[in-house]
């Protein structure tokens, strides 16, 4: 098992990665001070039948353990489920010494984390990710729910007590979820570990290579990229925005196509390609966009739909959290491993997006 130490201004904790990491969950809970009074596990209908009982059995403790299960899918990261989780917590007599365990992918981590951040003004929680995508969202303390007008618009910064990354849980993932999570791995490599980027190009020829020791290697390299950035900027006042590389267009695509119709990672992959496409123009550099495009397509990432309204996408990009005074701010790449947040005029984005759409385009429906 590998341990990755996360240090922020508000909290220090460890990410436990490996085939036996779940066996440490009881010790993690027992070592908490003040002692944990009871435990609420929040999961979804896709994960709970597969892994909920395994986690309950792993918790060799005397305290009451109960679960709250929501439907699966990004659209379930809603105020309705957030409110229902609070109702369940109150009915089961959670208190300020209770613990919430987030068992699932990024959607569950965000929802459960925000419940923990807000219940009685904040209680402890532990992340138990079950997807590759969650290697990003489980670390760093950003928790949120969606609003009909935008993704992750209602939330908080609330660091977990620990992250338990039990890699056998990932083996039940469908292919599209491996691909979705791998996009965030690529993102971390491109913005913060060029050596990892070259390793991925050499060692991960297909998504089937994301298994066993290679998976653990990837997690132990990608997670520290985020950890180092979060250590510098916990509440996204500066460099933490670099982690949004590919997300400005990616989130707009998720919103426009409808949550669940495109995975987060697929949206981010298209967004990263667009960011590289635009970066070449803004910085007058060669970032090997064509080569990068072919590399992404090899893994099955989608092309940019040609029939989506560029005007609508630009409007959605202006609702992005990085936007300021109605101006789009995007994370662009000067060179591999060096990115910056750049203010881009609407017209520039519009022209570039039309050209990118023409280059990449397929029909979305």
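Cβ coordinates are placed from backbone N, Cα and C, and glycine is handled just like the others.
Per Swiss-Prot, the candidate among 198, 264 that belongs to the Zn(2+) site alongside 184, 247 is 264. Residue 130 (NAD(+) binding site) and residue 264 (Zn(2+) binding site) have their C-alpha atoms 15 Å apart, to the nearest angstrom. Taking all protein chains in view, 26 other C-beta atoms sit within 10 angstroms of the C-beta of residue 247 (Zn(2+) binding site). Taking every protein chain shown into account, 74, 76, 184 are the binding-site residues, and of these the Cβ with the most other Cβ atoms within 10 Å belongs to 184. Using a 10 Å radius centred on the Cβ of residue 142 (NAD(+) binding site) and all shown protein chains, the other Cβ atoms total 23.
Rounded to a whole number, the C-alpha distance linking residue 247 (Zn(2+) binding site) with residue 76 (NAD(+) binding site) is 20 angstrom. Separating the Cα atoms of residue 264 (Zn(2+) binding site) and residue 74 (NAD(+) binding site) is a whole-number distance of 9 Å. With a cut-off of 8 Å between CB atoms and residues at least 6 apart in sequence, the same chain places 44, 45, 46, 47, 107 near residue 72 (NAD(+) binding site), listed in sequence order.
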